[in-house]
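Inspection log for the structure reproduced underneath, given as structure tokens.
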Amino acid sequence: MVRIREPHEWPSTVDEAQAVQERLRPSVRFAEPPEVRSAAGLDVAYRGSDELVAAVAVLDVASLSVVDSVVVRGVAEFPYVPGLFAFREAPPLLTALERLSVEPDVLVCDGQGLAHPRRFGLACHLGVLTDLPSIGVGKTALGSYDPPGEQRGEWTPLRLDDEVVGRALRTQRGVKPVFVSVGHRFTLDTACDLVLRLAPRYRLPETTRAADHLSRTAPTRP
DNA sequence: GCGACAG
DNA sequence: ATCTTGTCGC
């Protein structure tokens, strides 16, 4: 039920890929998202050198229960190059989004949004192409930060090139923070509020955990 | 030349 | 991401 709204192509070289990011970047919007009742978690698991499994799980934010999910198997069409992560994972994730039977209110991506060398990480890419509000929640930082306070909810700015591109957010006390950045049609404050609502018990949002579990446990092709 | 480098 | 044992904690 998710539609692709933006014309796009999948390049095969690093130069072309960077050009695509530069072209799409101006479409990123910085705003307050409409009410967030459902959130889609997206993740990709790898098997072997080029086989991958993309999964999307839509959760009801109030109950954190899974209301819909799709798993797509595929082959990596682009090598892993830091900064060009989206060209590897976005294609199968978009296919999965199109096969959803409901349209999620927001996308919670496993990776960065604006916290990216050209300010156009996976979350921005998926947000712009679908025109859905999106955020990036990374497990490792792209940029520098000071450790946030130990209490859940505490955060510090994440900087890249002397610019604030996101936040290091503590979702649980005693665990490493996650790195939140805006993808599309979001505000950093609202993005962090949402991540905290989605992560009441564990370090990572339940959306990411659900998608990760699906991609990891999907049966191997016969 | 050396280290960094989302997943 | 993935390759991998035991171990501490809830």
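Along the chain as shown, residues are numbered 1 onward.
Including glycine, each Cβ sits where the backbone N, Cα and C put it.
Any TrEMBL annotation is an automated prediction that lacks curation.
Database features (TrEMBL):
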- A:Asp43, A:Asp110: Mg(2+) binding site (BINDING)
- A:Tyr80: site 'Interaction with target DNA' (SITE)
Helix, strand or coil at A:Asp43 (Mg(2+) binding site) [DSSP, three-state]: strand
Around the Cβ of A:Asp110 (Mg(2+) binding site), the count of other Cβ atoms that are within 10 Å: 24
